[in-house]
There are 2 protein chains.
Amino acid sequence: METLTQRLTGRGWRMTAQRRVIARVFDAAGAEHIHLTADDVLERAVAVLPEISRATVYNTLGEMVDAGEVLAVNVGDRVTRYDPNVAKTHHHLVCEVCSSIFDVQAEVLPSANTADVAAIAPGFVIESADVIFRGRCACCR
Amino acid sequence: METLTQRLTGRGWRMTAQRRVIARVFDAAGAEHIHLTADDVLERAVAVLPEISRATVYNTLGEMVDAGEVLAVNVGDRVTRYDPNVAKTHHHLVCEVCSSIFDVQAEVLPSANTADVAAIAPGFVIESADVIFRGRCACCR
DNA sequence: GTTAATGCAAATCGTTTGCAGGTTT
DNA sequence: AAACCTGCAAACGATTTGCATTAAC
């Protein structure tokens, strides 16, 4: 499993202190079930590199998303979360009580629905699907 | 098919001029494939009742959502859209070119995934699912 | 030495809120 | 009268941007 830092380096990114710190925030967090807000990232980055600015965090996260190395996840509130797990297509499980977010692998993604779609919006070509399951996690039942 | 105005009246809402106008904006638009932003609603409401305020539109839309008569739909940008089609559970098809949004009926809702979920997040109880299919509509292929 | 990235502060934009005044029951 | 609704303007919070400075290649 390649780290985000490795993926970015391999991509020929100019590796500044701030970019390295941001990438390492994700690497330190792990690979799955990581969905950090820009503020989460800033907070952890500041602990290592106190002079890093909020704008740089936003800009860098945006660049990581544009590069396809991080996913921008939106679960319905007005806050974007950043998810470094781009290797396997997956969807999200959101606990409505504690707001935890879990990844769910998406092999299953209903090709079944394509039939329905054809009936409703003839000619629509589906390229991807975002699925958010809402409910209660084990801790919050 | 009951109109939104009828549903709200039947619910014993205090029917002021502004609430009526807002409800009628949706009624005039139809039942399916309606996904208006607060600004869309304001614009159309102002055409009928020029003194209506943005705050009232926001407040009223929020109340309609709380009452369960309108759905707040979020397709990933930072803008909430309002969908009066609450009768049948459905999901959304978003054209990545022209941003049109279509409804898709959701009988199909992947109970299949429950198995995966059990493996990933044991004990998680799914209560609902939001699905956003992205692609290109017939006009934009 | 170029080119690109950073930090700061100000700007944006959708949305919410406090409050005084007006309306509905 | 009591409870509720409206409009205004100011507040908010996440994100973006302009620009002068600094750092990487």
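Cβ coordinates come from backbone N, Cα and C, glycine included.
Copied over from TrEMBL, here are the features:
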BINDING   A:Cys95, A:Cys98, A:Cys137, A:Cys140  Zn(2+) binding site
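Less than 8 angstroms from the CB of A:Cys137 (Zn(2+) binding site) sit A:Leu93, A:Cys95, A:Val97, A:Cys98, A:Ser100, A:Phe102, each of them six or more residues away in the same chain.
Those binding-site residues from the list A:Cys98, A:Cys137, A:Cys140 that have a Cβ under 8 Å from chain B Cβ atoms: A:Cys137. Here the binding-site residues are A:Cys95, A:Cys98, A:Cys140, and the one whose Cβ sees the fewest other Cβ atoms within 10 Å is A:Cys98.
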